[in-house]
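Visitor: Got a structure for you, written out below as structure tokens; questions coming shortly.
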């Protein structure tokens, strides 16, 4: 095994890019049949939100006194023109044709753009984040030689730390707005769908029924989340297909029956006429028109569930034509009806033939539930990404599907979203304020995506800065116009996403700041390897049977928790493993490149370091599977390194340094009794007092072709005996405290906010799977 070649491959695959190219190659080679099937499935997961936007776009645009529908139809034609071109430029051109190409290992979303940028420049603020050096290793592994051009943008971004912090804050802002959208979208979609009751019931009745029915649907929607999207996923695509067919057929009927010349309103000239006549009122109504592109960000965020081509085919061939026909049909109907009592009646259901209103109402409610389901699931995924990258307190993540990747459920977030969703629904009780709030959240996320995408064009795609500026100015100008129109409605509901985002931003920033300070404390107070070597093979204490796993955030050096432990206890395990579990800012890490194993000190010390890397969308195994895989990979490291490194560690000048090697395939570890052809098997009796859970007999299966000397065999035998004796997990239980003399703000943030979040959040995912009988916590106070 060539360790240098394997190391280069590990640096690439370990940071999640080789799987990106594998995905791309797989997508390119997949059949049209598979692509069309994915396109069909994407209708139920990706497009539920944008497909239900015709329920409330016109109603929101004409809400209030901003604009009024006149006999000349300039207003309705102008709104239609704005809707068509906004849907075409923002959703079709920007997202479907451009942004979808900026995937991070097949994943999309705000954090995907941020991690993509951080791995091409030294701009990551997260411990264990990728750097440009690792990208160069990936290029070598993929056969792409040559230095990438050093742009001024990258040089400036790497030089100034404040710009890196602003970049992280910008990404967190977009993430917080997506979470806010997860609160508002179910409320807007469900309430708009239920509002169809007003045309089928008397006014005195429907106003008392709409709110309870909407709240009941929302409660049921969130209560069903723990079953998982995959169990009802087969219903989603047919519902959205029926809905799109329904609104396009109704739109086509209205065009033919009421105004077949409504297509003229697609000309940009009508936008000019609209703004010329309505002026300030028309500009303020853009906040309602903006809702026609709600759900566009979901296409990019859900990229990991489908291929780029399937999403593009579904939108271009089905969703886009259906939405255009629906909006044109509504405009054609409204243009011939000027006898409304108020603009409140300008909505979707008024253009539906009376005989079809009840069936359409049922389909609309089902479609609204599907659209809400998609954004709720997307919110779960974003929270998981933030938690994996130390930007959100630990939460319980339940994987609801063993076959469909990305289907997760977070109980705490689910009930929090339900309470907030019910609160805004009951508090506003109309689509006007809810739509204003949703509009600001949607356009803010789009602005963040545009800015980050312009950096991707320069830093990741190596295009000219002129092209990035054209992208930024063109789409940024459009979105700033809509953003200003949404922001002016601050007192009419737009304050909700700002308030929610501020709260989530504070939580994320405090948690990230405390995590970074804790990591810096560990780095500054780690024990040198020389101190360990001076203790001798016995480490100055009695070595007892078993394996001791010491969890640490450090990828090098000896953590302070170890010295704190050995100075207070008289004994330690015969095999010590310093385990570092890292969440790297990439979606997936190849399973065969997940483990990096090294030895600390000479062989006789029996000290190992294992770094386990998970992507932010990887699923961590339970304790038994993880323990088996860990021991198997350490055994493979012992066997392979014995062939190349006789000393066990590398001398770098006068300071010993660790040698971490990627372990592609561990030695098979069989746990069944029987006559197995094993080169190493345990025969020693085990003291029951040293065993926590009862285990089956286990034995290593060393390949017959491997040349294993007696020293390696003895080390493997000792590892196996230690595993049979039992495994203990040593966890650090830290308390954060600001140093004396720290500023008042730092004391408040660390001593109160961070400690409050730490006490009320869940521990690391690996800690939750560790048996309590095998866990030992060592308390330490961190003064930062």
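If you go along the chain as it appears here, the first residue is 1 and each next one adds 1.
Quick reminder: no glycine exception, Cβ is built from N, Cα and C everywhere.
Curation does not apply to TrEMBL; its annotations are automatic.
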Visitor: Between 114-134, 135-155, 387-407, 408-428, I'd like to know which one TrEMBL lists as transmembrane segment.
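Guide: My reading of TrEMBL: the transmembrane segment range is 408-428.
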Visitor: Can you identify, from 11-33, 34-56, the stretch that TrEMBL calls transmembrane segment?
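Guide: Checked against TrEMBL: transmembrane segment maps to 34-56.
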Visitor: With an 8 Å cut-off on Cβ pairs and a sequence gap of 6 or more, do the transmembrane segment (440-459) and the transmembrane segment (234-256) reach 3 or more such pairs?
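Guide: No; fewer than 3 Cβ pairs under 8 Å.
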Visitor: For the transmembrane segment (76-97), could you work out the same-chain residues 6 or more beyond its ends whose Cβ comes under 8 Å from its Cβ atoms?
Guide: 50, 57-58, 61-62, 69, 262, 264-271, 273-275, 277-278, 282, 285-286, 289-290, 292-293, 296-297, 299-300, 311-312, 315-316, 320, 323-324, 327-328, 331, 334-335, 446, 450, 475, 478-479, 482
Visitor: Using a cut-off of under 8 Å between C-beta atoms, tell me which stretch among 208-227, 313-334, 358-383, 466-488, 494-514 contacts the transmembrane segment (234-256) the most.
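Guide: Stretch with the highest Cβ contact count: 313-334.
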Visitor: What stretch of 208-227, 281-301, 408-428, 466-488, 494-514 shows the most Cβ pairs under 8 Å to the transmembrane segment (313-334)?
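Guide: Ranked by Cβ pairs under 8 Å, first place goes to 281-301.
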Visitor: Are there 3 or more C-beta pairs under 8 Å linking the transmembrane segment (494-514) with the transmembrane segment (208-227), counting only pairs at least 6 apart in sequence?
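Guide: The answer is no, given that the two segments have fewer than 3 Cβ pairs within the 8 Å cut-off.
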Visitor: Can you work out which residues elsewhere in the same chain, 6+ from the ends of the transmembrane segment (358-383), have a Cβ less than 8 Å from its Cβ atoms?
Guide: 44-46, 48-52, 55, 109-111, 175, 178-179, 181-182, 185-186, 189-190, 192-194, 196-197, 200, 217-218, 221-222, 225, 229, 236, 239-240, 242-243, 246, 250, 295, 298, 301-302, 348-349, 352, 392, 395, 406-410, 413-414, 417, 617
Visitor: Six or more residues out from either end of the transmembrane segment (408-428), which same-chain residues have a Cβ under 8 Å from its Cβ atoms?
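Guide: Contacts with the transmembrane segment (408-428): 182-184, 186-187, 190-191, 211, 214-215, 218-219, 222, 225-226, 228, 376-377, 379-381, 383-384, 395-400, 434, 437, 493, 496, 500.
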Visitor: Report, as numbers and ranges, which residues of the same chain sit near the transmembrane segment (281-301): CB under 8 Å and 6 or more residues beyond its ends.
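Guide: Sequence-distant neighbours of the transmembrane segment (281-301): 46-51, 53, 56-63, 65-67, 75, 78-79, 82-83, 86-87, 90-91, 95-96, 99-100, 108-110, 178, 181, 185, 188, 274-275, 311, 315, 323, 327, 371, 374-375, 378, 381-382, 435-436, 438-440, 442-443, 445-446, 449, 481-482, 484-486, 488-489, 494.
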